Amino acid sequence: MSLLDFSSDVFIAAFFLYSGSFMLFTIAIMGRKWSGRKPEEHTARWGRIAFIASSLGLLCHMAYFFTRWAGAGHIPVSNMYEFMTFLSMMVMVAFTVMFAIYRKILLGLFAVPISIIIMAYAAVFPQEVQPLIPSLKSIYLNIHVTLAALGESFFAVGFAAGLMYLLRTVNFTSKEKNDRKQQRLVEFTLFSIIVIIAFLGSVFAFRGAGYESIFVRENVTIDSPGQEDSTIERVSYKMPPIVAPYHSEIESFQPFLGMKKPLFEAPSWMNGVNAGRKFNTVIWSLLSGLILYGLIRLIIRKPLGAALHPAMDGIDADDLDEITYRAIAIGFPIFTLGALIFAMIWAQVAWGRFWGWDPKEVWALVTWLFYSAYLHLRLARGWQGRKSAWLAVLGFLVVMFTLIGVNLVIAGLHSYAGTD
Amino acid sequence: MSGRTPLITNTKCECGHQNPVGTVLCEACGKPLDETGNSSENLEMRYDGVARRSQRSNPNVIDLVWNFFSSVKIAIYLIVLTLLGSMLGTIFPQESTFLNIDASTYYKEQYGTAGHIYYKLGLSHTYESWWFVLLLVMIGASLVICSLDRVLPLYKALTRQKIRKHRQFLTRQKVVLVTEMGEEPEEWVGRISQPLKKRGYRVITEGGALLAEKHRFSRWGPYVIHIGLIIFLLAVLARGLPGLNMDQHLAFPQGEVTPIPDTTFYLKNEKFTVEFYTEAEMPEEFRGKKVLPKLYETKAVLYECIADCGDPTRTPQLKEVAAHDIQVNSPLSYNGLKAYQFDYDLTPVLRSVQPELKNKVTGEAYGKFKLEMKNPQRSFEAGPYTLTLKEKYMDFGLNESGQPVSKTPYPNAPAFLFLIKGPGLPADGQQYFYFPKQVDKVQFQQEGINDKLGGADRFLELEVSSMQDVDFSESTAYLNVRVDRAMPFVWIGAGIVMLGLVLGFYWQHRRIWLTVQNGELILGGHTNKNWFGFRREIVSILEKVDMVVDEKSLDNGGGQA
Amino acid sequence: MGKARKPVQIVILLLVVLLGGYAIATSVFGGDGKPKEGSKAPAFELLGLDGKAHTLDEYKGKAVVLNFWGSWCAPCVKEMPALQAQWEKWKDQGVVVVGVNVGEDQMTVENFVKMVNINFPIVMDPGRDAVRSYGISPMPTTFFINKKGKVDSIHIGQLDLDTLDSQIGKLVGP
């Protein structure tokens, strides 16, 4: 068995250990009220088992990382798949650190699934080991990417704790206007997470079923008067096309549930041939997200927030507030060093300019400014509790846009191979 | 700042200390000054309750401007505005990402009306626009003034701490313990000093009162960060000063010593290499579909001119000063001058040929001569023949009126017109057209032209016998040559920022005040972050003197982080 | 904070205004460093066809018509007779026409000058130094420099006799 095969095997093992650990954390928290148990003892015992499982998972994850490094000959953070698997590993590292400090079992219930979701998202991208292009051949690839990911992972844990704070403190029974608003915002946050899960679910379901439809489009560009240049672009849909690319022809179409042709065409401003496909993916994610959300609501018969609220009993809101802040405070210097300072050093060595207002650079700065504002608001303006928790949640959204959104929506120097 | 009670005029504390306007907690004993009642809320411990410099009772214009920039609220607005402005700049690519576009039409063509509006709003050059730079300048001002306004009073407050504090100061901290105490005050205070010292606290006692403090340097973290940021911003500004910055993209044909304009340096590209990954090195899925570059490398030698520089009538004298194999992540660097691999062009460029003059009838060869494409010799000797160069075209073509011209200054299709004199030729010589490149010979029908010029019975021909007689530059490397004298200061600034971040975020300033009097122990504790760890530490310290306290019971609720 | 407080405040605010003003000015107006109308014409030192080095300073006190050209550039070739005519007309009135050949070798330049029959001073810029400092992109480009060494106007593209005449008239005029 080659190193790389071993690597992908332990990666799968890590995935299952995390999933198991998540279930154990769930039992530790939800099982408190089972009859014939002392709640504290139950949580402590099952929590310990869950943490052992997650730690074993992290060990496997690290084994994946280092064997892939050895097998590929370069640090596996050079494409979207590798970066996302690395990020999920760093989220587990950050979780383990915060857990070691605060020993709050509940944290596992929220931090571990973040890592699982990121791992699953990694699997959307091509997994082959690719050789490094010249611009990535640098020691700064190792330093810049790993430190940035570690800093962002602490922000992820801050997000988890912030969301927990909101679930703990928002009054889910009140009918008062402000409470209703908070309830709706929490519900929307949870719904967004459901949409991401649904997106992953539909990607893997259609991939498993081997679905493919292909569109072609002829692009005519007029270079100089009288001289036309036409190129043919092909785009392959891995999900049934609800929306076709703008101005395109069907090359092959696999019917789905009686749908024999796209329902409509992308608007003209989505002129890139891939824009239509991305739009289609968004529609599918929203649709399946709505269905999944509806199903969950049917089963539990109350809003998600209200259903999760009782799980937060027994944890102190102030502690959650502090964990949120602490995670961000630990992550902020690491993020600054990795995502800004080493990014500048690398840019200086590779391109001769330490800062060039490339979209990825700008968004790293936006993330940094956001958390700077968070820290100032908290330290000098006394924003704590509710407001601070919302900022932690919003901040992670900025982080995710920087990592993924910029690559998907805005092209720039950082476009990794295989990003789509 | 909002939420503050209005500045009060009577600032004398009951302990007799005269406090400056704006003081929240008495500088000496710590008694809250802004309230009269027996409020039990947590105290406002920011900057230890001292007055900031800017708080005065009768502000004038300068004070008002100063106050504006010294406000953290304004600083946060500035941060948020900069954040939003930066975001706007990423909606469409910035003008600076393109080398040659006409921005006024490009955005409209490429992105439609939205693009046109984007351009009209000036967002296509967001980061160079006056408002964005103004925001950065204001952030810089805010960094300086905010820090100055707080750091000096805070420094004074922390260096002049009183040990015995007002009861209200202690009981309104976020960590509070009030409990009965039977022991002799001084003895007990002496006893608890030991575990405190063991934990790294500096302990000062005064009778039955104690102050334990550690990691005060952590309080300077934010100010160190701000100093670093100011140095960083100033360094960025200094980059624009004339002479400190140079940025050129230059072509370096292989094998030629090329001057670097505005410097005394010359750079020779000895060999440019581009390599691609072989099929075997690629993952199976990519084979035959993708080509991935493996290496771009320019073997470069840097020369410095030591004499006859900048004199166009003389050839400069050069001395080798540095040599480096420039790769993408490995620039050549010499005394602040850096050359980065930027681009390449694999089109070969002809430099010279050594044709041989032959008699095509007898096959007799008269000799070779070297014909340079640039600045060629004007006349050549080949055996008994003399060739005078009359005309030269770098990129041969015909203009509208059918006359031979050069279409570009680059030797794409060089052509030479000679006048040959010697035995067997007319006295005033015979004209001969020569195309060194075989393709051009065929395309422009060298034979036909020469037959017309010299008649059908001409017998001389210029021919290149082997590839050794052809000299060309195989490729051209494009290097980005830069000088950036302010860079060290950029890194110093960034380093100071990091230092401040580590100081401020990975250590916490912790203080514990204790008073034992009238059979009662009053403990108040303050840290600038990580209350959780602080409470745990106090519990374990109290354990050492056989006091069992629940961690949670120390928490006085609410309060500051 | 004693008596030094006010001066400290004033000094800091002044520094902010100065440095800030400089920052905004350089980013908004600084731009590319190319000479514009009204700015000082950049100096150069180039080899002339006469074998001597020539500088802009030589022509101090004269109005200079600085024409950037190449033998391969058709509009440059076409405007040569107009330049020659204006050179003959104005050379006794303190006007000098200088042709800057861009990137070609001496032989090409000599042949060209003979062919189009011009005799105003020609300098050669094989390293494109003047091209860079004058920020030339398309050719021909002509700079009209007044007697004080300031750029009066810039003409991009082929010149005809009338424009040339009126531009030079403006340079020399009162």
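In case you wondered, yes, glycine gets a Cβ from its N, Cα and C as well.
Going by TrEMBL, these are the annotated features:
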type: DOMAIN; residues: A:78-198; note: domain 'Cytochrome c assembly protein'
type: DOMAIN; residues: A:311-414; note: domain 'Cytochrome c assembly protein'
type: TRANSMEM; residues: A:6-29; note: transmembrane segment
type: TRANSMEM; residues: A:49-71; note: transmembrane segment
type: TRANSMEM; residues: A:83-101; note: transmembrane segment
type: TRANSMEM; residues: A:106-125; note: transmembrane segment
type: TRANSMEM; residues: A:145-167; note: transmembrane segment
type: TRANSMEM; residues: A:188-206; note: transmembrane segment
type: TRANSMEM; residues: A:282-300; note: transmembrane segment
type: TRANSMEM; residues: A:327-349; note: transmembrane segment
type: TRANSMEM; residues: A:361-377; note: transmembrane segment
type: TRANSMEM; residues: A:389-413; note: transmembrane segment
Distal contacts, the transmembrane segment (A:6-29) - CB-CB under 8 A, six or more residues away: 42-43, 45-47, 49-51, 53-54, 56-58, 60-61, 63-64, 67-68, 71, 85, 92, 105-106, 108-109, 112-113, 115-116, 119-120, 127, 311
Residue numbers, six or more beyond the limits of the transmembrane segment (A:145-167), whose CB comes under 8 Å of its CB atoms: 75, 77, 83, 86-87, 90-91, 93-95, 97-98, 106-107, 110-111, 114, 182, 186, 189, 305, 308-309, 311-312, 315, 317, 320-321, 323-325, 327-328, 330-339, 342-343, 364, 367, 371, 385-386, 388-393, 395-396, 399, 403
Long-range Cβ neighbours of the transmembrane segment (A:83-101) (under 8 Å; 6 or more residues past either end): 11, 18, 51, 54-55, 57-58, 61-62, 64-65, 76-77, 107-108, 111-112, 114-116, 118-119, 121-122, 125, 145-146, 149-150, 152-154, 156-157, 160-161, 323, 326-327, 330-331, 403, 416
Structural state census, the domain 'Cytochrome c assembly protein' (A:78-198) (DSSP three-state): 97 helix, 0 strand, 24 coil
The domain 'Cytochrome c assembly protein' (A:311-414): DSSP-derived helix, strand, coil residue counts: 84 helix, 0 strand, 20 coil
Remote residues contacting the transmembrane segment (A:188-206) - C-beta distance under 8 A, at least 6 residues beyond either end: 117, 120-121, 123-124, 163, 166, 238-240, 281, 284-286, 288-289, 291-293, 296, 304-305, 308, 393
